[in-house]
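Straight from Swiss-Prot, the features:
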INTRAMEM  109-116  intramembrane segment
INTRAMEM  177-189  intramembrane segment
INTRAMEM  193-201  intramembrane segment
INTRAMEM  387-401  intramembrane segment
INTRAMEM  405-416  intramembrane segment
INTRAMEM  417-421  intramembrane segment
MOTIF     146-150  motif 'Selectivity filter part_2'
SITE      Glu203  site 'Mediates proton transfer from the protein to the inner aqueous phase'
TOPO_DOM  70-76  topological domain 'Periplasmic'
TOPO_DOM  233-252  topological domain 'Periplasmic'
TOPO_DOM  310-329  topological domain 'Periplasmic'
TOPO_DOM  377-386  topological domain 'Periplasmic'
TRANSMEM  33-69  transmembrane segment
TRANSMEM  77-100  transmembrane segment
TRANSMEM  124-141  transmembrane segment
TRANSMEM  148-166  transmembrane segment
TRANSMEM  215-232  transmembrane segment
TRANSMEM  253-281  transmembrane segment
TRANSMEM  288-309  transmembrane segment
TRANSMEM  330-349  transmembrane segment
TRANSMEM  355-376  transmembrane segment
TRANSMEM  422-438  transmembrane segment
Amino acid sequence: MKTDTPSLEIPQAARLRRRQLIRQLLERDKTPLAILFMAAVVGTLVGLAAVAFDKGVSWLQNQRMGALVHTADNYPLLLTVAFLCSAVLAMFGYFLVRKYAPEAGGSGIPEIEGALEDQRPVRWWRVLPVKFFGGLGTLGGGMVLGREGPTVQIGGNIGRMVLDIFRLKGDEARHTLLATGAAAGLAAAFNAPLAGILFIIEEMRPQFRYTLISIKAVFIGVIMSTIMYRIFNHEVALIDVGKLSDAPLNTLWLYLILGIIFGIFGPIFNKWVLGMQDLLHRVHGGNITKWVIMGGAIGGLCGLLGFVAPATSGGGFNLIPIATAGNFSMGMLVFIFVARVITTLLCFSSGAPGGIFAPMLALGTVLGTAFGMVAVELFPQYHLEAGTFAIAGMGALLAASIRAPLTGIILVLEMTDNYQLILPMIITGLGATLLAQFTGGKPLYSAILARTLAKQEAEQLARSKAASASENT
């Protein structure tokens with residue numbers, strides 16, 4: 001009797017193929033999979049840190065304003081308490097930065113860009129506590145700073161921390177988790193996941209190494225950080241300006257003019273920031289005592305303004321819906337714009353731990369609203385709404401200053417939930433970016449990073465000369 005050998009060979013061959021496939025999977029390099037898993041861990045931690053930072057800033061601001069209520073009957077005492085509360089909080093932030101982690105000063109975004117190029121160190125064990133608590137002091141004191149700078153730098157440092165703790169090896173893992181943390185930090189700061197992704201791809205395009213693994217990791221990190229944010233803050237737009245009307249096609253040329261205005265102002269604003277940095281450095285001369293006292297004076301000034309003219313202090317998120325609704329006169333808009341330009345320059349250029357995204361969004365809103373009010377008066381036949389120009393202006397200053405128009409556009413759309421205004425926003429942002437580029441202005445973060453690297457090189461050269469001199473003696 002013959003045996004049916006082919007029927008027995010087929011299952012055996014299938015089992016051999018399965019075993020070979022399993023062996024190949026086990027022998028394959030696990031680094032890409034590990035990076036993606038760690039990206040989820042980084043995104044989760046960054047989201048939780050951003051929520052804690054946001055809640056902490058809000059709590060400090062509420063406590064500070066609550067302390068003023070007890071002195072409401074005594075106006076001189078009220079002003080004194082307003083100044084001192086903000087000054088003390090600001091001095092705390094300045095002291096932490098100067099004493100323990102100077103790289104935690106300012107926005108922190110240029111530091112992440114430098115780290116992605118392996119030109120700046122990432123000392124997460126110092127930067128994380130200093131940036132977190134120092135930022136609580138300066139932002140809680142009412143200084144004109146944004147929360148996105150701290151969350152981006154905290155996010156990048158969390159990425160490096162996770163890398164070190166789990167001992168992942170290789171340049172790809174180090175670079176990818178650093179970028180993932182930064183993107184997750186921006187997404188959690190503004191509840192804007194797509195803007196967080198575009199921020200890495202567009203703003204950090206010279207430093208970001210685009211690979212399938214790196215971009216997937218950024219996506220995963222941003223998703224997890226946004227989920228963490230929405231668990232604690234609900235799924236609502238960060239800035240509630242209501243649903244604005246669409247912009248008719250025959251009015252789009254006005255948005256191009258608005259973009260040209262921002263294209264002129266953006267490079268000028270960048271020069272003012274760098275010039276103010278030089279001026280304030282001459283004031284304190286690198287002395288920690290003078291620097292902390294100077295920071296306390298700036299913080300105290302913001303505290304006074306927060307009581308006397310609230311629209312001129314703070315990050316600006318409370319100002320944006322009020323300005324967009326048209327609740328300010330033209331004269332008041334001009335005053336707010338000038339005052340916020342001055343306070344933004346003082347706060348950001350002094351090296352306080354805090355970002356500049358939010359203050360620039362507020363400045364763009366105020367200038368856009370003022371332009372819209374003029375357009376409404378000059379062209380009544382168009383039935384214009386000044387608020388649409390305010391929304392277009394929000395992202396235009398970002399586009400002109402840091403040269404990231406896509407990030408600015410998507411960020412504003414996600415924050416305000418007015419997607420019908422995407423066309424006028426593109427026109428405004430494109431006009432602002434092109435003119436700023438043609439005038440030769442350098443992107444703000446690139447200019448700050450170049451200064452930091454030049455200072456670092458000078459310090460290294462001075463140390464090497466001192467070491468050589470000591471050896472010769």
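Keep in mind that glycine also has a Cβ here, set from the backbone N, Cα and C atoms.
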Residues sitting near the transmembrane segment (33-69): Cβ under 8 Å, six or more positions beyond its termini, same chain? 78, 81-82, 85-86, 89, 132, 135-137, 139-142, 147, 150-151, 154-155, 158-159, 162-163, 166, 168, 172-173, 176-177, 180-181, 184-185, 188-189, 213, 216-218, 220-229, 232-233, 303, 307, 314
Against which stretches of its own chain does the intramembrane segment (109-116) lie, if we need a Cβ under 8 Å and a gap of at least six residues from its ends? 103, 122, 149, 152-153, 156, 160, 175, 178-179, 182, 203-204, 206-208, 355, 445-446, 448-449, 452-453
Select the range from 77-100, 124-141, 215-232, 355-376, 422-438 that forms the most Cβ-Cβ pairs under 8 Å with the transmembrane segment (253-281). 422-438
Taking every residue in the topological domain 'Periplasmic' (233-252), what is their average pLDDT? 86
As a test: from 177-189, 193-201, 387-401, pick the stretch that has the greatest number of Cβ pairs under 8 Å with the intramembrane segment (417-421). 387-401
Counting CB pairs under 8 Å, which listed stretch among 77-100, 124-141, 215-232, 330-349 touches the transmembrane segment (355-376) the most? 330-349
